[in-house]
Every structure is written in C-alpha cells, then in structure tokens.
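Feature annotations, reproduced from Swiss-Prot:
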- 1-15: topological domain 'Mitochondrial matrix' (TOPO_DOM)
- 16-34: transmembrane segment (TRANSMEM)
- 35-40: topological domain 'Mitochondrial intermembrane' (TOPO_DOM)
- 41-66: transmembrane segment (TRANSMEM)
- 67-72: topological domain 'Mitochondrial matrix' (TOPO_DOM)
- 73-105: transmembrane segment (TRANSMEM)
- 106-128: topological domain 'Mitochondrial intermembrane' (TOPO_DOM)
- 129-152: transmembrane segment (TRANSMEM)
- 156-183: transmembrane segment (TRANSMEM)
- 184-190: topological domain 'Mitochondrial intermembrane' (TOPO_DOM)
- 191-223: transmembrane segment (TRANSMEM)
- 224-232: topological domain 'Mitochondrial matrix' (TOPO_DOM)
- 233-256: transmembrane segment (TRANSMEM)
- 257-261: topological domain 'Mitochondrial intermembrane' (TOPO_DOM)
C-alpha cells in the first residue's frame, strides 16, 4: 500500500452507488406497476434493495469516519460543502413546484373558472390538520436544536431524549399527512390544483420520511457513543436537512394551504 502524505480520504471502489441507482430504478418502475396494474412485487423489491443499500453504505461510512479516522478536518470541510450544495439543489427542486403553483394560481385560465381554487375544488381548511402539522414540525425544529446544544455540551442523556422526541414528531407528522391525503376531497387527477398540491406536499412528506430515517441512524450512533462534541458531522448534516424540511413546510403552508385556499 502506497504511503499517504495528505489529509484527504481516498475512497475505495464501492458497489453501493450502483445498487442505489438500481434500487431507484426498481422503486420508480414499481410505483408505475402499482399505480397501473396493482402489482407491488417490483416496488417491494426496489424498497428492499434501497434499504439494504442504505444499511451497507452507512455501515461503510461509519467505519471510515468513526473507526478508521479517515474523516479529518479537510475531509469534514468537503463534506460540509457537499451537504450545502445538496440542500441548495433541493431548494431549486422545490422552487419548481412553487413556480408551477403560482403560475397557475396568480392568473387562472378560463378552463379553471377564472379563479383559484378552480371550480369544483373544495380546499382543505388551513386551520385544521395543516396548522397542527405546522406546530408539530416547528416543535421538532426546537427539539433538534436542543439535541445539538446538548451534544455540544456533552450532555448525552438530553441529546438522546431530544433526538427521540424529534423522530417521534416526524413520524406523527407523516401519519397526520397520510390521514389528510385519505380524507382529502380531491385527488392528484383533479387538474392543476390536485397535481401541484399532491406533488409539492407529497415530495415534502417524502423528505420528512428521509429526514426521520437520517435522524434514526444518528440516534443509533449516539447510543453506540459514536458522536463527540468535536466530531459529529453526521448528526450536523441531519440537523441541517431537518431545518430545511421545516422551512419548506412553512412556505408550503403559507402558499398552498393558506393563501391558495
């Protein structure tokens, strides 16, 4: 093995990006099969492949950072830049949905009845479940900040408690969103209103599930004493992501639920 005279981590070849891409293909194809042919085989295969890929990839990253010490300060700096760029790309991703919503709602066409919401659409009451969801996510933003401060102060017990509260609030939000979808008086097929509503809120809900998974991994790592006040970028990245999800929901609530109703 050649001597390494620099502080950067030269990552070894890994199969997980390939299996991750394969799982994405299987999952999206499986969703199509489920929607049109009511077959869940391909979807379940994709989700299982995705879960196994996440487990193996996280395992490798934990080994490299916690046990082998490859995540030096320059490497952590690069990871921070990477996470910032990723969140920036997510901002533009959601900007597309907001653009579609405002393009349709600010100048409704005659086909929509000339007003917004379109004729025949009964919007959800923004002061019922959506307001509760807003409170839940804002509370989770407070608890994740509490967890971060507890970690910086080496208060392990409070960090675990706050992280667990955040995860439970994330799960509660997801359940509330699912119940709202089931009871909604319109569907994704109901024109531009249904399309923009379910695409924007649905992708946000997916991000909440991803964030909850991210935080659950952080909780498991904290229980195994992986984080210190000086070395905890995995948790920091999860906290950034969660705050991003919070902010996106506030824009969704004000735009689609409140103003759009």
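For all residues, glycine too, the Cβ spot is worked out from N, Cα and C.
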Problem set entry | Per Cβ pairs under 8 Å, the stretch of 16-34, 41-66, 73-105, 191-223, 233-256 packing most closely against the transmembrane segment (129-152) | 233-256
Exercise. Which bits of the chain, at least 6 residues beyond where the topological domain 'Mitochondrial matrix' (224-232) starts or stops, bring a Cβ under 8 A of a Cβ in it?
Worked result: 62, 65-66, 71, 151-154, 159, 218
For this session: Please indicate, using numbers and ranges, the residues of the same chain that are 6 or more beyond the transmembrane segment (233-256) and have a C-beta under 8 Å from a C-beta there.
Result: 61-62, 65, 71, 76, 79-80, 83-84, 87, 90-91, 94, 98, 101-102, 126, 130-131, 133-134, 137-138, 140-141, 144-145, 147-148, 151, 166, 170, 196-197, 200-201, 204, 207-208, 210-211, 214-215, 217-218, 221-222, 226-227
Problem set entry | Tally of residues which DSSP labels helix, strand or coil - the topological domain 'Mitochondrial matrix' (224-232) | 0 helix, 0 strand, 9 coil
Problem set entry | Per-state residue totals over the topological domain 'Mitochondrial intermembrane' (184-190) - DSSP helix, strand, coil | 0 helix, 0 strand, 7 coil
Problem set entry | Contact set, same chain, for the topological domain 'Mitochondrial intermembrane' (184-190): CB under 8 Å, 6 or more residues outside the stretch | 120-122, 124, 197-199
For this session: For the transmembrane segment (73-105), could you work out the same-chain residues 6 or more beyond its ends whose Cβ comes under 8 Å from its Cβ atoms?
Result: 7-9, 112, 116, 192-193, 195-196, 199-200, 203-204, 207, 233, 236-237, 240-241, 244, 248, 251, 255-256, 260
